[in-house]
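Now, the feature entries from TrEMBL:
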- ASP417: active site (ACT_SITE)
- ASP833: active site (ACT_SITE)
- SER381, LYS387, GLU388, ASP417, LYS611: UDP-alpha-D-glucose binding site (BINDING)
- LYS612, ASP636: Mn(2+) binding site (BINDING)
- 17-27: compositional bias 'Gly residues' (COMPBIAS)
- 29-43: compositional bias 'Polar residues' (COMPBIAS)
- 1-43: region 'Disordered' (REGION)
- 190-213: region 'Disordered' (REGION)
- 288-306: transmembrane segment (TRANSMEM)
- 318-337: transmembrane segment (TRANSMEM)
- 909-930: transmembrane segment (TRANSMEM)
- 942-965: transmembrane segment (TRANSMEM)
- 977-995: transmembrane segment (TRANSMEM)
- 1036-1055: transmembrane segment (TRANSMEM)
- 1061-1082: transmembrane segment (TRANSMEM)
- 1094-1114: transmembrane segment (TRANSMEM)
Amino acid sequence: MASLSNQPSKKAIRSPGGSGSSAGSQGGTRNSSGQTVKFARRTSSGRYVSLSRDDLDMSGELSGDYMNYTVHIPPTPDNQPMDTSVAAKAEEQYVSNSLFTGGFNSVTRAHLMDKVIESEVSHPQMAGAKGSACSMPACDGKVMKDERGADITPCDCRFKICRDCFLDAQKETGLCPGCKEPYKGGEYDDDDVPDFSSGALSLPAPQDDSKADRRNMSMMKRNQTGEFDHNKWLFETKGTYGYGNAYWPQEDKYGDDGHDKFQGGMMESNDKPWKPLSRRLPIPQSIISPYRLLIVIRFVVLGFFLTWRIQHPNEEAIWLWLMSVMCEVWFAFSWILDQIPKLCPINRSTDLEVLREKFDMPSPSNPTGRSDLPGVDLFVSTADPDKEPPLVTANTILSILAVDYPVEKLACYISDDGGALLTFEAMAEAASFADLWVPFCRKHDIEPRNPETYFSMKGDPTKNKSRSDFVKDRRRVKREYDELKVRINGLPDSIRRRSDAFNAREEMKMLKQMRESGPGDPTEPIKVQKATWMADGTHWPGTWSVPAREHSKSDHAGILQVMLKPPSSDPLMGGKDDDNDKILELTDVDIRLPMFVYVSREKRPGYDHNKKAGAMNALVRASAVLSNGPFILNLDCDHYIYNCRAIREGMCFMMDRGGEDICYIQFPQRFEGIDPSDRYANHNTVFFDGNMRALDGVQGPVYVGTGCMFRRFALYGFDPPQADKLAPKTDSEMQSLTATDFDPDLDVNLLPKRFGNSTMLSESIPIAEFQGRPLADHPAVKYGRPPGALRPPREPLDAATVAEAVSVISCWYEDKTEWGDRVGWIYGSVTEDVVTGYRMHNRGWRSVYCITKRDAFRGSAPINLTDRLHQVLRWATGSVEIFFSRNNAFLASRRLKLLQRLGYINVGVYPFTSLFLIVYCFIPALSLLSGHFIVQNLDVKFLVYLLLITMCLIGLAILEVKWSGVELEQWWRNEQFWLISGTSAHLAAVVQGLLKVMAGIEISFTLTSKSAGDDNDDIYADLYIVKWTSLMIPPIVIAMVNIIAVVVAFSRTVYSSVPQWSKFIGGTFFSFWVLAHLYPFAKGLMGKRGKTPTIVYIWSGLIAITLSLLWVAVNPQQGSTTQASGGGGGSTFQFP
């Protein structure tokens, strides 16, 4: 892949020598910001030592206890005997054990951590993993380890030495400190880790031989000239060769059943019949044709109905007629915007077996079966551990690490925008538990792979489990998970106690220094900063429990920790002899873990950090430097992977023919913990199964914030590729591409203006674009990549790469760039997700809606009325901001299709419906109080129009339920909450948006009082909590006014000399239509046992009585209105 860009390899940029080859020099080459990485380690005895034996830098950039040194780059292979692959792995391990910090006008610092969490860490990929101590005196370093965690001893005498002491010994004497003999090149016990970089399998040895016997036998298989005797090896191992020097596997080595076994050898993917990865399934004509016909009929009838209404005003109550007509015209316009984009709904299906055959199956050119799938970077965002429990986030991370996708292709990033040590240590605990959880899931095919959800499931856990040790393994893992929960839930107290102890020690030190320095005022209090301390006894560089300068939520350094370093490129199977204290027997189970990185971007006063959108863009840049997966899947911290094959499902669309212009795959949002009746339409199935599925048939669904897999190249602000406009290739070899090849208007000199001044970031763009292309396995695929292009392993991490990642998450990096404007998540709206998706569609990209048989992701949603209203308020506020911004779909380009444009227009317009809806909800009460109605005389045409409109509405609802799969009760709940939110949150959003646009006034609707539930055993206890908010006032007033109007009209009709019951029945029917929609809102106010605050009833009653008295004063009742007229009471009847 290096040929796709001008980026040199890591080996090529390293300069020979000792201390002169520092990260500072690398920073000039690899790190565009020129950052210097400084390392220091705190020993277990409490003192700080440098890991270099010379060139100590005592510059004062660290505290007086630190001893600094620059990164020591290993000499080139010509100058030192250490194998370069071993050196690279050792440096990667070295980097993964360091906590990198840096930012604006500060040195990028790497703090080597011997201890990340207080509990013991065993997995070799994790930072702070246990290992043998270096045998050199006065060194507390750890011995270099291989992928299995076994010690790497560079000398035959087995003298244990850490990486830095080894390098120092090489530079000084070249002798082993243990046996005083020169080091011999290449003779290390790294033979246990096979090298499959060439793509060939190593020949298997007889199963009965021990490890030592295999080694001895390999030395004996030599002929008289000393060369390796392949024939003798083949005879004893019973191996066979296929094409070239690749081992031909046995017919039953791969595959689980007879259908998957190789018959007569392996076939290249190009020799097999071509099969699509996905299919487009149209809605049956028996459903979609009547559905479209009813839309046309209702559209025509609405035109005639509104024409009749305008031509027949009510002269007796012209004001009532005018209000009703204006509302009805707007409702018709709103219905058109919502209904027209639903003309082309579709379904889709994927074929995971074909995906496996194309990308994961062995072939003559790929005998190991190394995956050819592209890499995926998964983003999880969190901001406040008090509001987003770390245990919930940890479960989300565990579900990601256990996903069914090639381990070496995955990288998980957690964005902690609060910079909290609680989140950091909780993630470290989760990474430690993943050492047990992930192999357990792979061994027993666990689903779902969220521990909390899995162990909470009701039913028989042994169903469909074939291994005899499942019950024993499950019991052990459950016990370990319970201990994990105790540790994570106890972290706040643990961190507080630890910090108090260290702060007390610092106070004692300062007091001792004051006494030794001379006489002073003994009454003067000792002032020591109340710092937050990490497990290794050092200050946490992020937010402290007691905020201080450079240690608060809005003022702290950038932090990056590779908690799980990148895994090896080939499977690493567990075994009985790996570790005697292993809890599970993991023979033939891949024990590798995906790469996992903790990121907390730098925050400083005076900078606009752009909330979640800014945090996501920081992850985009950091991941581009570290892993550069061509696809990005973002999840909220409370949304976990419920279907472990969800990423493969999405990849079927991206890698299929024609998938090069797909910008993202949106998965539906599914929720847990919702009350069975779904009182407030939290599932939102009408939107996710109806509207989104319909847009999928046009240009694609809108981006809704979580559960979305992006094409990284599309996030960078480029237009979709056009194969016919690209320069034709001169040969079949991969050519070097640059970002300007995809955007002719982009000048190379303007790359820093668009993407920032990181050279590594700019050079990663064409690589990500190429790796994200579909597989060119069909003549119709004009814009693809050759098979096998993604099989080579990724390069290991080094200090300069991680330092660059710290640089790109600094607060100043986005200054004078197009991040947030054209590149990445778009700034300027609280609903940055919708705007980001709109920008991509506006450039000509399309998206796909992926509904899987098993839900892809599941999360939590607020079931409390107040929380739900505030959630809807945020969405509606974002829509109002979109309407008044340049992201309004009225201003879209021609690349946005007409129906897609209508869908986006509806996104920005729907909150304004609340202005007309709230008026229309008062009309029945006004009719009952005044004795007038919206029509003066009943007419046959009017009744026919009403009947046709009503019948079409019922027919459309039934057919929509059929093609979308939405239940009729869910449809009704959606209608109810549409009125509730339309008269409360949507109205507040419009008012807030208008004030912001016209006067620049920011208004936030916050909670003013809270009450807590008493029943801890009820999982739906939060449903009954009543939290007062100003958003409740309009629906309460509407309900109270309608009830009072019914009572007043009933009393007036009863005591009238000529009762007109038809008027009363017609108006009452309309009022009850409004009250029926408000029924869930009334139940929410009641609480579980009627605990509604008294102030709610007092305020509502006062407002309702005041409005009623005001109406009586403005329009006093006339005697003539109680007499019967020619039209009779029947003319006043009005359908809803």
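Heads up, the Cβ atoms here are built off N, Cα and C, so glycines get one too.
Per the record's binding annotation for UDP-alpha-D-glucose, residues SER381, LYS387, GLU388, ASP417, LYS611 show a top Cα-Cα distance of 16 Å. Each of THR382, ALA383, ASP384, GLY418, LYS612, ALA615, CYS637 belongs to the same chain as SER381, LYS387, GLU388, ASP417, LYS611, is absent from that list, and has a C-beta within 8 angstroms of the C-beta centroid marking the UDP-alpha-D-glucose site. Put simply, ASP833 (active site) is 21 Å from LYS387 (UDP-alpha-D-glucose binding site) when counted between their Cα atoms.
Counting Cβ pairs under 8 Å to the transmembrane segment (942-965), the top-ranked stretch among 288-306, 977-995, 1036-1055, 1061-1082 is 288-306.
Neighbour counts of Cβ atoms within 10 Å were compared across the binding-site residues LYS387, LYS611, LYS612; the minimum falls on LYS387. When the Cα atoms are compared, LYS612 (Mn(2+) binding site) and SER381 (UDP-alpha-D-glucose binding site) turn out to be 8 Å apart. Below 8 angstroms of C-beta separation, residues 299, 302, 306, 309-310, 902-903, 905-906, 909-910, 913, 916-917, 919-920, 923, 926-927, 930, 932-936 of the same chain, each at least six residues beyond the ends of the transmembrane segment (318-337), sit close to that stretch.
The shortest Cα-Cα distance between LYS611 (UDP-alpha-D-glucose binding site) and any of the recorded positions ASP417, ASP636, ASP833 is the one to ASP417. Other Cβ atoms within 10 Å of the Cβ of ASP417 (active site), summed over all protein chains shown, number 22. Taking Cβ-Cβ distances under 8 Å and a sequence separation of 6 or more, the neighbours of GLU388 (UDP-alpha-D-glucose binding site) in its chain are THR382, CYS637, ASP638. If you measure from the Cα atom of ASP833 (active site) to that of ASP636 (Mn(2+) binding site), you get 12 Å.
Geometry remark: SER381 (UDP-alpha-D-glucose binding site) versus ASP417 (active site), CA distance 8 Å. ASP636 (Mn(2+) binding site): 22 other CB atoms within 10 A of its CB, across all protein chains.
Its Cβ taken as reference, SER381 (UDP-alpha-D-glucose binding site) is surrounded by 21 other Cβ atoms within 10 Å in the chains shown. Comparing ASP417 (active site) with ASP636 (Mn(2+) binding site), their Cα atoms are 13 Å apart once rounded.
Counting every protein chain shown, 24 other Cβ atoms lie within 10 Å of the Cβ of ASP833 (active site).
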